[in-house]
Each structure stands twice: as C-alpha cells, then as structure tokens.
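Chemist: Pulled these features from TrEMBL for this protein:
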- A:12-39: transmembrane segment (TRANSMEM)
- A:133-348: domain 'ABC transmembrane type-1' (DOMAIN)
- A:137-158: transmembrane segment (TRANSMEM)
- A:170-190: transmembrane segment (TRANSMEM)
- A:222-244: transmembrane segment (TRANSMEM)
- A:279-298: transmembrane segment (TRANSMEM)
- A:327-347: transmembrane segment (TRANSMEM)
C-alpha cells in the first residue's frame, strides 16, 4: 500500500540517516583519517603540533636491506676462525651504526643465512612489523586451506538425512556462537604448560611418555596453537556456508551420476565440487579476510609473544596506535593491511572470474 | 538388451506402502510405458528398476539376473530424467561422454562414441556449447545422448518430455519413437501423458495407487479397458460414465436404462451384475452421434460447446442433471440451451459394476 510515508523521499532519508551517520562516523571517516594520519607524525596525546611527514612512516615500516658480511681476515688475508673452527664475521652494528652507511642507520637484523664464506643478513627498519607481516601471511596460508577443507568435510558429513543429524550440526556450529574472547580464554587453559587439558590428554594417550609443552610459551608452538584454535572456532561457520552450497546442487545430478556408475570420489569430482565453485570463492574470501584481521586471539592468548612469534598486523596496529600512542604508526599499518587485502581480493576475483 | 521382470515387487516408506505388489514382464526390445495419475507410484517403480530406490519386497530381474541388491551402475541401465540432469559446468561433449569418462575410456573411444550419439540425435553443431546455452529440447537430447553412448541393456525414461512446451514435446516424442526403432533396446518410459503412452508404447502399464490396473497394447486398453479406471484414464476427452439401473440380465448382456437413457442392451463382458441393481455405463465422447428428435437414446440440453476446427466438443446436461461430453469429428455450431438427442453403437459401450453399491 503506497502511503505518503513510503512515497516520500524525505521520509526515506530520515529513516536511513541514523545508520548512515553511524557508518560514516565509524567506518568511512576513520578510513580516510587513517590514510591522512599515516602521512603525519600524529600521536594520541602530544603537546607538539602535528607535522606532515610524507611517506616517512611507510619507509620506517617497510625499510628492508640485505647486507653481506665478509669473513674477517688477518693481515695475511686468511680467514680468522675461533677455537671451534667457526668463521669470524664483523658485527652487524659496525655497519648499521657506521657513518659510512647512513641508509642502514637504525636498522636491525631480521634473519641471516650463509652464502659460501659470506653471510647475508636481512636488516629491517622495523623487525617487529616484518615478523607481524610474515606471521599474518603464514596464518592465512595455513588457516584458509585447512579451515576451508575441514569445513567442507564436515558439511559433507552432515549433509545426510539421518536421525539426529541436527544434533551434529548444532555441535559443530556451537563454537561460532561463543565469543572469540571467551573461546581464547578457555583455550589458554587447554594450552597451559603445567596442567593444561591438551598436555594431560597427550600424556594419557602416550602413557606418560609425552613431555608437557608450554604451547603458548614456546616460540615454535605458539603460532600453530593459535592457528589450531582459530580453525576450530570458525570451522562451523564455514561448514554452514558449504552446506548451503551443497544443498543447491540438484539431487537428480547425483542420481544421474549414480546411474552412470560414478564412484564416490568421481561423484565429488564431477558433481559436487563443480557445483560448489561459487561457494568455494565465498568461503575462501571470507576466511582470508578474517585471517588478515587476526587480533582477539593474540590479544587474549599471547600478546604477540613469546619473542614476537605471534605478532600480527592488526595486533601491531592496535598495539602501536593505543599501546604506544603512536597513532600515525598504527594508521600506517592499517593502510598497508588495507592495500594487501585489496590486492588479494582483486587477485581472487580475477582468478575466479566467469570464463 | 535384456528382459525386465518384476515379481511381487513392493515398496514401503516406513509404514506407508507405495507399491503394493507389482508383476510385470517386459520382453527384450519392448517399449513399455508406465502411465497413471500423479502419486500412483510409476516414477517410484522406475527408480526401483534403476536402483535409485530400494525394493522392500519381491524380485527384480534384468536380463535374467536378480538385481535387487545391485548398484545402479551394475544393472546396465541408463536413465533420462524429467529435469534433464545434465551437468551445468560441462560442455555437451563432456556431458555425453560422462559415462565413458567415469569408466575410464580412452580419448579415441570417447570421441568416436560421442560423434555417433551426436549423429543419431542430430546435434553435432552443439557439442561445444554449455547446457545454459541450450533450449529445453536440446538439453533433453543431451541427456538422451549421455544415455545411449553407454549402450545400456535397458533405457529408463522418467517423464522426459514433461518440462517441454507442447510443440517441442511432439517433436521429441517423434524423435524418441525414431530412436527406439533405431536402437531396438528395451525401454521403460514413465509418463502421465496418455498421448505419449498411446503413441510410443508397445504395451502400456496403467498404474493406480501402487497397483497395476491393466497391462496391454495401447488399442487393447482403449477398446477393452479392464476396469472403469483404465477406461476413464485413456482417451481424451475422457469416457463418460452414467449411473444406470440394470433392468434385466440375459447371459452375456444386460438391459439397462435410466431417466435420460432409453433402455438398451449392452454386453456384460463376463462382469457380474445383479438384476434390479446399479451399474455404470461408459461411453466414449467420440462414439456419440447427434440424431433427429425421437431417434436418440440420450436426451439432453447443450450447456457449453467448444469448436476446435477438426472437432466439436459439447458439454450436455442430461435429463437427470448429469453431465455428458460428446465429441463430433466435424465443425458444428451448437448454442447453449439447444435440445440434443444422441445415439451410440451399444457394442462400443462398456458396462462396469458400481463399486459403491453394496451387494
């Protein structure tokens, strides 16, 4: 029924206004603010006036260089070795603090590798940011395929008309409705190095042979532990998306495949998987986006530690912007993250375009 | 090629019995049509033969082998579905070759068999298209192509023409008839369309509520229906049924009549009737002829008339307020309200027991 209310343009805009205002205030404005602030030296609270610094923040974050360290030689030109026979190299700080190399000033070692008798050292102006960058990519690269395929497997399992199947659907979906903060807190207990559930189970299963591990306190297990927990938490959500995709495939296609003699694997390959193409794109994009936004788990479980082994981009952005009150630094990380995510979305769109 | 034999086949979903004991023997190379109203179990029966539904009771033999427990692929059947069931992401070529791909056939074999199927179905020019670029009739042809490449022993068609528009349906019907002559394979075809059944079948199986009503050649069913259901199901417009009184009985015929029907003698065809009891007279609309006043067996008034050009269908109201349909194979003008007298050849009429009558 067309009343004056539904026909009036002004009324429409009035209804839209509150939501629109909120979106502008909390999403659109901050987006442009972030870009703007990343070009300044703005701090959260500072008596000094804000200055425009151009791309200095980006240089600070992204500055990378490779330095070659040549073995130290004695006057005769022989390589000096210590008692253990290891080749002696000059110390890195002799280069980064040297007046001769102003471009390396303030940079620190990220990692190094041996190349013949020389040592190549990658130095970065912000090693923590680099670690965060690598960790974030690692997280996405592991979580996206594992979570996506696990969710698909669960979806295939629960896509049956069985008695009580809704119970399983509910159980698999349950972690999704629990707040990630709560889940992270619980998993901190599970991962506990002293008497955590995971250690207890592993010990029970191996009859006490298993040596307890401080899962979140060990640099080599902390990130995998966060990954495992994250995969578990959101797998139900993607399972539901897969399930929706599975149910759009016409049952007669399966019947046709059965009559034609397709095995289970062939049915999956020729009927199910091609039918899930659009769903696969959606799931992949969503997991990737969520992966890049990794924050809450880190904040609650590890705070980026130990030894920066679980630093992530968003965690660093928040840490800098609010923890260190370096708003411009945090903004810069946000803008870099935006650029990365945008690039990946465009690549994904291109790869999955309709041909 | 193979015979198909169903013996005491039953199907239940939980406590509900859908197929209530069916015995059908289909000869090698025969084209049999299962026909019946929706919900009669014809599709279920076909799916049981295909192996898509379990058989609750009874035995199913294909080519002399009991296949109750076998997977669809082991039964040597191919099926064409109502909604085509062709794979949307594959080209026509890939769709037709699907069964061969599954079986791991060589590229050369696939190429050769796809070419052969395409030639038979006259769709060589469509091979590289995708299903979304095809019309309904073309899609169904792809599905048929997929079925014939494997050279199955039995073809199963599940209402293959129901999703097509009327003109296309006729074309495809003729095409299936042609295909059938070309291949000579046993075919089982499910439809609710009696025209398809009449034109395609060697034998028709009429089903109702999960039971076989009659099995026979199309004309046998048309001229000698075993019961009122079959009589009413085949033929368009469908057979008229009049409630009549049995006035007298003598051996092979009964004298019947009612308010609007002059007393006539109709053969009982070995059906049991009771003198002074009730019976139902079946007359096909095409068997009725309009006659001069005073010569008719039936008396009525025109309620509505439809002129189809080659035929005129008249809806009459009889003296006892019952309706009667008459079809004249010529173009005639009738006005509502016209009094009309009709006659018919009593040898073509059928007398059925009144099932509702208590004996």
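For all residues, glycine too, the Cβ spot is worked out from N, Cα and C.
Can you walk me through where each of these features ends up in the structure?
Modeler: Long-range contacts of the transmembrane segment (A:137-158) within the same chain, counting only residues at least 6 positions beyond its ends with a Cβ under 8 Å from a Cβ of the stretch, are 165, 168-169, 172, 223, 226-227, 230-231, 234-243, 245-246, 268, 272, 276, 280, 283-284, 287-288, 291-292, 294, 312.
Proximity of distant same-chain residues to the transmembrane segment (A:170-190), defined by a Cβ-Cβ separation under 8 Å and at least 6 residues beyond the stretch ends, is recorded for 154, 158, 196-198, 216, 229, 232-237, 239-240, 296-297, 300-301.
Outside the transmembrane segment (A:222-244) by six or more residues, the chain places 135, 138-139, 142-143, 146-148, 150-152, 154-156, 158-159, 169, 172-176, 178, 180, 183-184, 187, 191, 215-216, 276, 279, 282-283, 286-287, 290, 294, 297-298, 301-302, 305-306, 309-310 with a CB less than 8 A from a CB of the stretch.
Here the transmembrane segment (A:327-347) has Cβ contacts under 8 Å with residues 31, 33-44, 53, 57-58, 60-62, 129, 132, 285, 288-289, 292, 313-314, 316-321 of the same chain, all six or more residues outside its ends.
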